[in-house]
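Database features, via TrEMBL:
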type     : residues : note
DOMAIN   : 1-53     : domain 'Plastocyanin-like'
DOMAIN   : 114-249  : domain 'Plastocyanin-like'
REGION   : 322-348  : region 'Disordered'
DOMAIN   : 354-506  : domain 'Plastocyanin-like'
TRANSMEM : 548-574  : transmembrane segment
Amino acid sequence: MDGVGSVSQCPINPGEGFTYRFIASEGGTHWWHAHLGTFRTDGLYGALIVLEDDNSLEAPLPVFGEEFVMLVHDWQREDSQETYLRVEWEATRFSHGYGDINTCRTRLDQADGTDIGPVHFTSGLINGKGRSYDDNDNAENRFVPLEKFSVVGNKTYRFRVISAAMVFPFRVSVDQHELTLVATDGNMIREQRAESFIINTGERYDFYITTNQPAGNYWIRADTIELHEDGDAVTRQHHTEAILHYEEAPDVEPTSQRKSCTDDNDNCTVVNCPFRQYGDASIECLPVHELRSPVNQSVPIPESADRFEEHFINFHFAGSDKNPGQRSSVNGHRFVPPSSPPQVTGDEGLMPCTDELCGGEKYCDCSYHVTITPGNVVQMVLYNMGSGAGLAGTAHPVHIHGHHFYVLDMGFPEYESNGRYKSQNPDIDCGTSDRCNMKRWLDQAWEGGNKPGLNLLDPPQKDTVIVPVGGYVVVRFTADNPGWWFVHCHIEIHQVEGMAMMIREGTDGQMNPPPPGFPTCGEFDWSSEEFERAKKGYSSFWSHTLSVAAGGGIGAAVGFIVGLALGIICCTLVRP
């Protein structure tokens with residue numbers, strides 16, 4: 001019931017229905033969303049909250065006056081498919097959008113000088129509500145309502161924040177209220193106080209606040225994280241807001257200011273930075289791997305060397321020899337979705353990644369996957385190096401389906417004294433390779449899980465993690481869930497363009513078979529002899545065809561019927 005079209009199941013076609021049934025075994029803040037094309041960014045998503053059993057929590061939480069769900073999203077004024085195609089066709093460098101051909105897209109870069117995204121920020125939403133601002137930060141329409149969270153004084157409130165953004169990360173804060181983070185991606189963490197946190201698309205963070213401020217209205221901010229626009233310092237980031245409304249206060253819009261981080265004696269902690277320093281000495285970045293679980297974790301340790309496997313996977317931009325343009329890829333492979341889901345039909349629908357076309361440092365298009373063995377301890381080094389890194393690179397939030405993993409370590413690039421990107425982390429040996437596909441540790445003594453600095457005591461667990469430009473993240477899990485699992489950058493433009501792959505966990509015989517009557521899909525071919533028989537009459541041929549199509553569900557039968565009818569019509573039209 002993983003739901004990824006072309007990997008776990010056939011896509012759900014118009015007019016069809018599909019019933020998901022599963023055990024809600026993992027409490028916490030989750031979400032559901034479309035996983036085909038750009039439907040998610042157009043709004044096909046929602047929260048999925050599995051209420052935790054308070055008695056099972058390792059660390060008890062405060063008693064909450066109420067819990068709120070907060071979905072953040074960046075929102076363009078064109079269909080998401082159009083936004084994606086402008087990136088695919090490399091048209092974004094020339095214009096803001098199809099509706100604004102007179103304005104060039106401006107380049108936004110974050111604290112380390114690296115790129116944030118390939119499109120201009122238009123507006124943001126919180127729970128579907130937001131406003132668009134002009135270059136002078138004036139709201140286009142101040143009467144558009146914003147989401148409002150009503151509270152009373154001297155109580156504690158929990159917020160479950162989910163990022164459904166297409167591209168942009170958001171820095172989330174509440175004016176004049178300290179945040180206490182308690183969970184990420186549905187997994188509890190040791191309480192971490194912060195002024196704000198950065199949430200990337202696909203991630204979830206839970207925090208609580210205490211309403212200990214004077215009764216009033218306070219901005220809940222979700223700001224983008226650029227510090228420069230076309231090289232010039234920005235006066236304020238792009239943003240969207242919601243309102244924290246004390247019920248004792250009048251119902252008016254806030255005039256509050258965020259906490260100032262200019263006092264060296266009152267440092268601001270920002271959690272989950274995709275870089276090492278924010279560009280302001282008074283802001284302290286706390287990378288995600290420095291969060292801690294509430295209690296010591298049972299991080300998987302291999303029983304023997306042959307029960308451990310390590311995979312190096314480069315999420316980066318690469319280009320072919322014929323077209324050096326930077327394309328989203330994984331280890332130099334631009335992902336092509338299978339023609340039929342391997343979880344259902346095995347590997348028959350895969351576009352092969354042959355050594356001739358894809359081996360070594362080559363670039364190719366194929367259904368890229370790695371195979372892991374059930375029962376093994378699997379360590380993955382997710383890195384972002386080689387071509388497409390540097391100042392033109394982008395940090396990638398990588399999501400692994402089928403598993404929650406321990407974040408054991410994170411390696412950042414080397415920086416200039418002002419925090420700007422200098423060169424990629426030397427721990428991974430790219431050598432003279434431009435693409436840096438499937439490399440290893442520079443120090444061979446680190447092989448076999450022996451890298452120094454791994455947190456094997458109390459690391460956080462996640463299912464989506466940011467991979468910094470020129471850096472890497474070390475994650476680990478036990479291969480205890482046989483199946484085909486999608487792995488991808490959660491920036492939707494990057495995923496659709498090809499920054500994705502699959503994990504093949506076990507053999508077909510070790511995977512749970514699909515339920516009886518589960519839909520199948522894939523390629524169809526029939527001979528000219530079969531076509532001639534079809535033209536002469538449908539008696540035996542037609543009944544046989546329907547019985548075959550039934551294995552693919554009603555949609556397959558209808559699709560076949562429609563296709564056959566069109567074929568006969570076309571042939572009739574061209575008949576001499």
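Numbering starts at 1 and runs along the chain as displayed.
A Cβ is built for glycine as well, from the same backbone N, Cα and C atoms used for every other residue.
Helix, strand and coil content of the domain 'Plastocyanin-like' (114-249), in residues and according to DSSP, is 0 helix, 71 strand, 65 coil. Residue counts for the region 'Disordered' (322-348) under DSSP, split into helix (H, G, I), strand (E, B) and coil, are 7 helix, 7 strand, 13 coil. In the predicted model, the domain 'Plastocyanin-like' (1-53) has a mean pLDDT of 93.
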